[in-house]
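Below is one structure, written out as structure tokens, with a few remarks after it.
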Amino acid sequence: MEISWGRAMWRNFLGQSPDWYKLALLVFLIVNPFIFLANPFVAGWLLVAEFIFTLAMALKCYPLLPGGLLAIEAVIIGMTSAAHVREEVAANLEVLLLLMFMVAGIYFMKQLLLFIFTRLLLSIRSKMVLSLAFCVAAAFLSAFLDALTVVAVVISVAVGFYGIYHRVASSRGEENDMLDDSHIDPHYKTVLEQFRGFLRSLMMHAGVGTALGGVMTMVGEPQNLIIAKAAGWHFGDFFLRMSPVTVPVLVCGLLTCMLVEKMRWFGYGETLPEKVRDVLQQFDDQSRKKRTRQDKIKLIVQAVIGVWLVTALALHLAEVGLIGLSVIILATALTGVTDEHAIGKAFTESLPFTALLTVFFSIVAVIIDQHLFAPIIQFVLQASEHAQLTLFYLFNGLLSSISDNVFVGTIYINEAKAAMENGAISLKQFELLAVAINTGTNLPSVATPNGQAAFLFLLTSALAPLIRLSYGRMVWMALPYTIVLTLIGLLCVEFALAPATEWMTQAGWLATLS
């Protein structure tokens with residue numbers, strides 16, 4: 001018997017999302033206009049809370065859908081205007097170009113990145129050194145590339161290796177289902193569990209590595225570019241200004257990586273079983289024998305393009321998104337990718353998040369029009385200049401650990417810049433606050449998958465169920481990093497940032513502040 005029209009519509013609404021989630025969103029959409037009529041300020045804060053809720057529930061439904069519905073309603077009922085949304089989008093065009101073109105550009109360099117991580121995995125036998133290598137490699141790559149792409153590459157390596165061993169363990173060849181362990185011999189299951197633990201720890205080290213590297217440069221994370229633009233910094237300026245906080249944090253993060261592996265704390269320390277290593281080595285040897293001269297040329301070309309990418313970013317030869325577009329053109333032209341559909345695949349990872357970021361800007365427009373953060377900013381600005389840095393860092397960190405850090409960073413840098421333009425703070429203090437906002441947004445956000453887009457991408461990937469990486473396990477494994485990164489970042493903001501910035505200014509490394 002066919003279902004009713006009403007039931008069919010309910011099932012279509014937000015698809016496979018739970019009924020309670022659908023009902024919650026409907027309640028939000030119904031009550032918002034009435035609360036806005038009664039008290040616009042309260043309605044604005046309620047909208048922000050609802051939007052953060054959709055980000056926190058990203059595993060139930062991709063936030064673009066519910067967040068987009070809330071944003072559309074906000075424009076319709078007058079919480080902001082379509083014109084203001086357009087202004088916010090136009091002001092942040094560089095960030096949208098970064099997401100569209102840079103992520104797609106790196107897609108065409110995946111062969112090189114896969115080659116690098118495969119060599120690391122099979123060449124280094126010490127688990128501690130291997131973990132450190134993955135963390136450092138992810139940090140370095142994320143300083144110049146998009147963290148999402150770096151994690152996507154490491155996921156590709158892990159899924160590939162897991163599939164190779166799973167096929168051998170199940171003896172089912174190409175018909176093997178990686179999610180089905182029923183055909184695996186009992187003596188293989190123990191080895192498989194150990195292999196899963198090994199991959200889990202490597203993925204977490206790589207994920208944290210993207211955060212450690214991503215906070216250091218203006219292209220490491222999308223919000224970095226927003227903050228850099230607000231402060232008028234180029235690539236070198238941004239790196240130097242962040243370094244009093246980010247360099248000590250990087251060192252302590254790498255020491256944490258070594259410590260948890262050595263002590264086998266928080267689910268770390270599992271080594272690669274020799275049986276698995278033998279299988280993977282055989283597969284890699286066969287792959288290398290099959291590699292043609294044409295394939296080798298592709299790797300060389302991608303390496304040269306990588307050098308161009310780093311050089312262009314460091315010298316600020318063009319806007320970041322346009323450099324990404326040049327990578328797409330060079331990589332496709334010189335490696336023979338000419339089919340439109342093959343090129344189109346490069347954009348599938350970035351465009352949903354680009355659309356979500358546009359929705360972010362709609363909510364930011366509401367925050368500006370309704371003056372939602374005015375009380376918080378006034379509270380912070382009443383404190384001494386020294387205390388302001390700590391408060392901005394902590395407020396950013398708290399929100400970023402439960403919500404998306406791009407959203408949080410955008411809000412706070414806009415408010416800080418408005419305070420400077422209104423004469424509430426000096427240019428010198430604003431630039432210090434920009435560092436506190438950037439580090440506060442990036443470092444504590446490793447606490448949960450909600451804060452870091454790369455972590456959320458890992459959690460929702462095809463790899464997570466294979467290696468038994470759940471939300472709770474991810475939070476638990478991230479805990480030592482969360483504690484160390486947050487506390488070291490706070491101490492550096494509190495004690496090192498202002499004197500180090502002053503010293504660099506006097507040494508002529510930074511432009512003299514007016």
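Each Cβ is built from the backbone N, Cα and C atoms, and glycine gets one as well.
Away from its own ends, the transmembrane segment (23-43) comes close to residues 14, 50, 53-54, 66, 69-70, 73-74, 77-79, 370-372 of its chain (Cβ-Cβ under 8 Å, at least six residues beyond either end). Residues annotated as transmembrane segment in Swiss-Prot: 23-43 (among others).
As annotated by Swiss-Prot, transmembrane segment applies to 63-83 (among others).
Annotation comment: Swiss-Prot describes 97-117 (among others) as transmembrane segment. With a cut-off of 8 Å between Cβ atoms, the residues of this chain six or more beyond the transmembrane segment (97-117) that come close are 134, 137, 141, 145-146, 148-150, 152-154, 156-157, 219, 222, 225, 298-299, 302-303, 305-306, 309, 319-328, 331-332, 335, 337, 345-347, 349-351, 353-354, 357.
Annotation source Swiss-Prot lists transmembrane segment at 120-140 (among others).
The feature transmembrane segment is assigned by Swiss-Prot to 144-164 (among others). For the transmembrane segment (144-164), the residues of the chain that approach it from at least six positions outside its boundaries are 98-99, 102-103, 106-107, 110, 113-114, 117-118, 121, 134, 138, 176, 178, 195, 199, 202-203, 206-207, 210-211, 213-214, 217, 219-221, 279-280, 283, 309-310, 313, 349-350, 353, 452-454, 457-458, 461-463, 466-467, judged by C-beta separation under 8 angstroms.
Same-chain residues lying 6 or more positions outside the transmembrane segment (202-222) and placing a CB less than 8 Å from one of its CB atoms are 95, 98-99, 102, 121, 130-132, 134-147, 150-151, 154-155, 158, 228, 233-235, 238-239, 242-243, 246, 249-250, 253-254, 257, 268, 313, 320, 357, 405-406, 438-439, 442-443, 445-446, 452, 454-455, 458, 463, 467, 469, 474, 477-478, 481, 485. Marked as transmembrane segment by Swiss-Prot: 202-222 (among others).
Residues annotated as transmembrane segment in Swiss-Prot, with sequence analysis given as evidence: 238-258 (among others).
Marked as transmembrane segment by Swiss-Prot: 303-323 (among others).
Taken from Swiss-Prot, the feature transmembrane segment covers 357-377 (among others).
Summarising the annotation, Swiss-Prot assigns transmembrane segment to 391-411 (among others) and lists sequence analysis as the type of evidence.
Outside the transmembrane segment (447-467) by six or more residues, the chain places 55-56, 58-59, 147-148, 150-152, 155, 158-159, 162, 178-179, 196, 199-200, 203, 207, 210-211, 214, 353, 400-406, 474-475, 478-479, 482, 486 with a CB less than 8 A from a CB of the stretch. Per Swiss-Prot, transmembrane segment is recorded for 447-467 (among others).
Same-chain neighbours of the transmembrane segment (475-495): 200-201, 204, 207-208, 211-212, 244-245, 248-249, 252-253, 256, 259-260, 265-268, 386, 389-390, 393-394, 397, 401, 435-436, 439-440, 443-444, 446-449, 455, counting only residues six or more beyond its ends whose CB sits under 8 Å from a CB of the stretch. For 475-495 (among others), the entry in Swiss-Prot reads transmembrane segment, with the evidence type sequence analysis.
Nonlocal intrachain contacts for the transmembrane segment (63-83), taken as residues 6+ away from its ends with a CB within less than 8 angstroms of a stretch CB, comprise 14, 25, 28-29, 32-33, 36, 40, 43-44, 47, 50-51, 54-55, 57, 352, 355-356, 359, 362-363, 365-366, 368-370, 404.
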